[in-house]
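Heads up: the structure comes next, in structure tokens.
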Amino acid sequence: MKQDELKKLVGEKSVEWIKDGMTVGLGTGSTVKFMVDALGRRVKTEGLNITGVTTSKATAKQAEDLGITIKSVDAVDHIDLTIDGADEISDDFQGIKGGGAALLFEKIVATNSDKVMWIVDESKMVKNLGAFPLPVEVIPYGSQKVFERFEKKGYQPTFRKSADGNSLLLTDSENYIIDLHLHDILDPETLAADLIKEVGVVEHGLFLNMVNTVIVGRSDGPEVLDAHR
Ligand SMILES: O=C[C@H](O)[C@H](O)[C@H](O)COP(=O)(O)O
């Protein structure tokens with residue numbers, strides 16, 4: 001099966017966890033896109049009453065176009081379940097997210113959710129995190145200084161470019177992304193603590209101790225894994 005087919009498989013499987021009346025966090029990315037499409041179909045055919053809390057302008061637009069009611073995280077008293085993609089998931093269910101630059105809202109929504117589910121194709125499952133560049137969202141002002149400090153620490157930073165490659169990418173919150181090429185992250189907790197104390201850093205893409213359930217797309221079908229938290 002091609003990667004896209006595996007993404008579709010898990011996207012469609014995941015909406016089985018969504019029940020009538022739920023408030024659902026809707027992640028961002030190409031895998032989530034399949035999930036939101038499938039949810040839109042259920043809302044239409046089954047008349048489900050769902051409130052969606054989105055994590056990016058792109059997902060908000062898609063959900064609205066499908067007739068899913070959208071509210072801000074500040075306008076809901078709780079989120080029952082958030083379904084999101086991931087860039088890497090380690091053996092012990094820690095994750096890297098932000099390949100689509102949506103890590104800040106994704107982490108806010110995940111942190112305010114009763115349950116978090118990640119949906120990924122099997123290529124995202126790794127032993128240790130770090131082959132995928134770790135995204136760090138930074139305020140534009142002073143970002144060159146943050147970049148230089150990351151260089152000195154050996155984090156091999158690169159500023160993320162916009163799709164046309166002509167300027168720096170701006171997140172939905174109009175910040176920059178610095179990607180860290182770390183290759184192998186052996187102690188994600190220590191790294192996370194180090195990154196977040198850097199002045200100018202808004203958030204980083206290490207999502208630690210956050211996920212409850214992972215659905216992995218494999219050629220022989222979706223595999224549901226329980227993170228036991
Ligand atoms: O910022 C984007 C998100 O963290 C995505 O969920 C992540 O990058 C995975 O995206 P995709 O499903 O497109 O591989």
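Keep in mind that glycine also has a Cβ here, set from the backbone N, Cα and C atoms.
Taking the Cβ of Ala86 (substrate binding site) as centre and 10 Å as the limit, one finds 25 other Cβ atoms among all the protein chains shown. Taken from TrEMBL, the feature substrate binding site applies to Thr28, Gly29, Ser30, Thr31, Asp84, Gly85, Ala86, Asp87, Lys97, Gly98, Gly99, Gly100, Lys124.
Glu106 (active site, proton acceptor) counts 31 other C-beta atoms within 10 Å of its own C-beta, drawing on all protein chains shown. Per TrEMBL, active site, proton acceptor is recorded for Glu106.
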Residue with minimal Cβ packing [other Cβ atoms within 10 Å] among the binding-site residues Thr28, Ser30: Ser30
Close-lying binding-site residues around ligand 1 among Asp84, Lys97, Lys124, where CB distance stays under 6 Å: Asp84, Lys97
DSSP-derived class (H/G/I helix, E/B strand, else coil) of Thr28 (substrate binding site): coil
Remaining residues near the recorded substrate site, that is with C-beta within 8 Å of the centroid of the site residues Thr28, Gly29, Ser30, Thr31, Asp84, Gly85, Ala86, Asp87, Lys97, Gly98, Gly99, Gly100, Lys124: Gly27, Val32, Ala102, Val120
C-alpha spacing of Gly99 (substrate binding site) relative to Glu106 (active site, proton acceptor), in angstrom: 12
